[in-house]
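Novice: Following this message is one structure expressed as structure tokens.
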There are 2 protein chains.
Amino acid sequence: MSEIRYDIVTGKIAVISTERGKRPHDFKKADVIKNSGVCPFCPGNEPMTPPTLVEFRGEDGMWTLRGFNNKFAAFKKDADAAKHGSELYRADDGYGVAEIIVESQYHDMTLGQMDSEGIENIMKALILRYRDIVKDEKIKYVQMFKNFGANGGASLEHGHWQIMGVSFVPEVLERELKGVERHEAETGRCPYCHIIDEEMKENARIVAENDRFIVICPYASQFAYESWILPKKHAKAFNEMDDDDIRSLSSLLKSLVKKYEDLFDNPPYNIVIHTVPHHDRRDFHWHVEILPRLTTFAGFELATGAYINPTPPEEAASILRLD
Amino acid sequence: MSEIRYDIVTGKIAVISTERGKRPHDFKKADVIKNSGVCPFCPGNEPMTPPTLVEFRGEDGMWTLRGFNNKFAAFKKDADAAKHGSELYRADDGYGVAEIIVESQYHDMTLGQMDSEGIENIMKALILRYRDIVKDEKIKYVQMFKNFGANGGASLEHGHWQIMGVSFVPEVLERELKGVERHEAETGRCPYCHIIDEEMKENARIVAENDRFIVICPYASQFAYESWILPKKHAKAFNEMDDDDIRSLSSLLKSLVKKYEDLFDNPPYNIVIHTVPHHDRRDFHWHVEILPRLTTFAGFELATGAYINPTPPEEAASILRLD
């Protein structure tokens, strides 16, 4: 029998349906990005990409991480953020920024293969770019994310993250912000703090934890083997992490991604960071979502907005659990 | 420069970004469903599937279309529609129905290869099953859809449609219903009727039309080459089509799907029908959405709910146009 679960913050529906009884090996499938020719993200090919915006260097003087504008940007500053369209149809210019962070100098290195320090540098680079981007008050929200694998929407093999600063607060964030507001009004508590307490009590969906962060498979997981990393202490903004936070997060993220890579043989996935919109005064509890792309959205999901998930989060957590 | 477009009914955002300048041939990619062994949907293998719920027969007495319960159902009637969960987490049983309509007796025949009469029979079968399913007042909404291709989420090659009757009104429908309500309150007109008038005036996004239906690429298309088929005359419910409506719709749908098949070499797609929830008294304008799966949702789409579409709907319409 399947179960319809409601996300406490957003109200989004996940249908937990185990009819097909999928275990990790059932999800393994070919996921190959076919890049031919020279990789623009490899050392030596910097002229193929826009100028450096952020970089870290190793002892040998070579860069170990490098950030720059996305050459194929969906959002640009040459737009004037003007509104146009007809009486019926409304449109704005695609004002904003789109940047790339190349994770390392190694073409084939996966996130799970990197050392924890390498991941710390990614987090630091994201924060540096974030702080610079939000100086522009026309940027209402900055989405930081990673696509991995062809079915994760990555078009280049070489490991990288993306940063998109946009002139609007996207609806998924707006729903989470409203959900926080509502739950706080009703119960006096942040729903994410409430979730963390409940998960620590139930201990049915915890994947890992350390002093500062907890990893859970969320109760209403829309994706099979979805997991969230949340700071245990209430905090609105990703970009306000201190060095210890960054160290704690990076060490968990490394182990978690390695576990996915081992279990599912380098599956496609997305990692997305939800943080409070910079100029928004509402409360929030920032978090990271790891969304494995093991199943394909089909007509039902696209038509209804409800997601059928073949793996109960309780089972996913027990399989993902880090020891 | 890219453009942020807002769907007039739902407010959903599409970012029309032509940076990568994709034309039909750029989207072609391998999309293979790997079925091995016997096809349960082929004639002679009926014992592999649940009992027949609807069928049409040809002159030779063989079935030409056949419907039955989905063996791997996400929704079933043995659930008791009970609510459960904790104070924090809410869940319902997955009460409902999940059915399959096998389009034809031919394993490899695509929708675009069928004759218009075959498609009429699919529409008639969907309506017959719909009318039966909604007799159960616990079913609040019936989603009818077709998945085609591996990247369309189909798990079997043999052409089929799905019907899922669920105990809730899904959020996408709820947004469309609310959008209709709001636009009618503000302007006195159904927004879909308004869209049809505007499109006929502008003539920039029309793909085809006949006496009863119009095909457009919607102004805020979230998918590259997305198209909608709308009845020209305001009508709330798919299931209230008369024989002439069915004939008009089927002939357009056949030509449209054939055009996609030819242009993109049998691309993966979803076809979804949005109709008024049966026991809902609100107004609606039913329609069919054809969602080609030419690009992959990536981190940005999943994190924000805003979709980046590389093909302006005006260009899509000019390429899809049926003569």
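Yeah, the Cβs are placed from backbone N, Cα and C, and that goes for glycine too.
Residues or ranges marked as active site, tele-UMP-histidine intermediate in TrEMBL: B:His160. Residues annotated as Zn(2+) binding site in TrEMBL: B:Cys39, B:Cys42, B:His107, B:His158. Residues or ranges marked as domain 'Galactose-1-phosphate uridyl transferase N-terminal' by TrEMBL: B:2-170. Residues annotated as domain 'Galactose-1-phosphate uridyl transferase C-terminal' in TrEMBL: B:196-288.
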Novice: Count the Cβ atoms, other than its own, that fall within 10 Å of the Cβ of B:Cys39 (Zn(2+) binding site), considering every protein chain shown.
Specialist: 15
Novice: What average pLDDT is reported by the model for the domain 'Galactose-1-phosphate uridyl transferase C-terminal' (B:196-288)?
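Specialist: It averages 97.
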Novice: Could you state the CA-to-CA distance between B:Cys42 (Zn(2+) binding site) and the residue listed as 'active site, tele-UMP-histidine intermediate' to the nearest Å?
Specialist: 11
Novice: Would you count the other C-beta atoms found within 10 angstroms of the C-beta of B:His160 (active site, tele-UMP-histidine intermediate) for me?
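Specialist: Taking every protein chain into account, the count is 21.
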Novice: Determine, for the Zn(2+) site, the additional residues of the same chain whose CB lies within 8 Å of the mean position of the CB atoms of B:Cys39, B:Cys42, B:His107, B:His158; present them in sequence order.
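Specialist: These residues sit around the Zn(2+) site: B:Pro40, B:Phe41, B:Asn45, B:Tyr106, B:Asp108, B:Leu156, B:Glu157.
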Novice: Count up the helix, strand and coil residues in the domain 'Galactose-1-phosphate uridyl transferase C-terminal' (B:196-288) according to DSSP, in that order.
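Specialist: Helix (H, G, I), strand (E, B), coil: 32 helix, 21 strand, 40 coil.
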Novice: For B:His107 (Zn(2+) binding site), write down the residues of its own chain that are at least 6 apart in sequence and whose Cβ falls under 8 Å from its Cβ; none is a fine answer.
Specialist: B:Cys39, B:Phe41, B:Cys42, B:Glu157, B:His158
Novice: Per residue, counting other C-beta atoms within 10 angstroms of the C-beta, which of the binding-site residues B:Cys42, B:His158 reaches the highest number?
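Specialist: Within the set of binding-site residues, the most crowded position is B:His158.
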Novice: Please state whether DSSP places B:His160 (active site, tele-UMP-histidine intermediate) in a helix, a strand or coil.
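Specialist: Going by the DSSP assignment, B:His160 (active site, tele-UMP-histidine intermediate) falls within a strand, counted as strand.
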Novice: Look up B:Cys39 (Zn(2+) binding site) in the DSSP assignment and reduce it to helix, strand or coil.
Specialist: coil
